[in-house]
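Listed in TrEMBL:
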type	residues	note
TRANSMEM	6-28	transmembrane segment
TRANSMEM	40-58	transmembrane segment
DOMAIN	76-203	domain 'Palmitoyltransferase DHHC'
ACT_SITE	CYS107	active site, S-palmitoyl cysteine intermediate
TRANSMEM	125-142	transmembrane segment
TRANSMEM	163-185	transmembrane segment
REGION	271-300	region 'Disordered'
COMPBIAS	273-290	compositional bias 'Polar residues'
COMPBIAS	291-300	compositional bias 'Acidic residues'
REGION	347-384	region 'Disordered'
Amino acid sequence: MHEFRWPLLGVIIPVLIIGFTAYGSHYFILRHHLSTTQQVIYECFASMIWISYIMAIYTSPGHPPKDYTPKKGEWKRYCTKCQSYKPPRTHHCSKCNRCIMEMDHHCPWTLNCVGANNLPHFMRFLFWVIVGTAYLFVQLCERIVGYYDDSDKPMYLIKRSELVAVVVFTPIDLFILLSITVLFIRCLINIGKGMTQIEIWEWDRIDSQFYSKRLWKSIRLSYKQSYGKELPQLTTWTNRAPVNDDDALPMEEMNQHEINEIGEGEALDGVATESQSRGVESDATAQQEFNNDDDDEDEEDIVPQNFTIDDLMFPYDYGVWGNLKHFLGSPFMWLVPWGKPKGNGYDLEPSSDYKEDDQLGLPWPPDGGNQNITISPPSDDELKRGIRNYSQLKKQLDPRSNAKRSSWHNDTGERLLDYGVYVDDSDDDKL
Ligand SMILES: [Zn+2]
Ligand SMILES: [Zn+2]
């Protein structure tokens, strides 16, 4: 998250840019070429930008009720800062110093969090900026084409102030149009998936750590803490049959399978005999280790082998249409400045798909954000045994694989802290 030395600059800069672009272009260019109706339409776009921006700044992102108590069967999450329980999807913002329902991120450009209640305003703001700048861009292009057509005319026939304005506003307008469109599409994709930016971040973390001991130790701990018993066999998590044939292979067959592949690969290099004999040897070792694991369910076995991130479900994904309505409210109100989201931000029902497939009653994130787990990096032997494909190997070797939730960062380098979320070492989401 970008932080300003003087936070007010976060609002002053956009105000200056919007005002300068909208009214400068109108005064120096558009009023000479557009009809009155077209000018009124252009000013309406500008007004919608101002209104939605002001609403995004002044509308509260939504704070959970002070006396919120988790519903029966709901994961108990406690905010040590607010000294109260927080609903699912709520995070404590370190900048606003309050709990924010369905927190998306803390926005330095509005000096406010984007959360359940003001996300529609934020999206409307982006939308109207795109509409306004796209409209202006078409006008600027027409002027540029006009100059090109008139290039054989004498210079004094061209209004100089307008020419300067076109040169100044075209790059500014194009830059705003492109950057805001990218941001808008990114937000729409998140909304379509039913997730806030923070939840997308959380999903990426789980994906990246999926084959790590840290994650599975935390999941087991989360489960034990809430149900007082060990996590059941993970094949019962979903009813889905393995899709890939390879997935269906029992461990001992899989090792054989893999070793055959190694043997074949090396045979091409002309060392077939040696590799095959080595192959048999490691096969026997792996088999022995596998059996040992079977006897005592030790740490070695903690990462499930025929289980992928696709088996995991996000509890609040109601399908694209349902998600759009959840975050932005009724479609008839999407463009209306006072349009509200569907729910109240704390009375959250998991999707019916999720309820059918109860995901063992684990919270989101399934490791409960447990931070206090110590982990040693996987040994060469463990890597050899557990790895079935390249993507798994890549994940296990990723230095972030066993990072704590507070220090994990996504591919663009963002930590939870960068969204404004308060995470301390005693952890954000623990029981
Ligand atoms: Zn809080
Ligand atoms: Zn905030």
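From the backbone N, Cα and C atoms, a Cβ is placed for every residue, glycine too.
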Beyond the flanks of the transmembrane segment (125-142) by at least 6 residues, Cβ under 8 Å: 18, 21-22, 25, 29-30, 33-34, 41-42, 45-46, 48-49, 52-53, 55-56, 166, 169-170, 173-174, 176-177, 180-181, 183-184, 187, 335
The domain 'Palmitoyltransferase DHHC' (76-203): DSSP-derived helix, strand, coil residue counts: 75 helix, 16 strand, 37 coil
Cβ packing number for CYS107 (active site, S-palmitoyl cysteine intermediate), 10 Å threshold: 21
Arithmetic mean of per-residue pLDDT over the domain 'Palmitoyltransferase DHHC' (76-203): 93
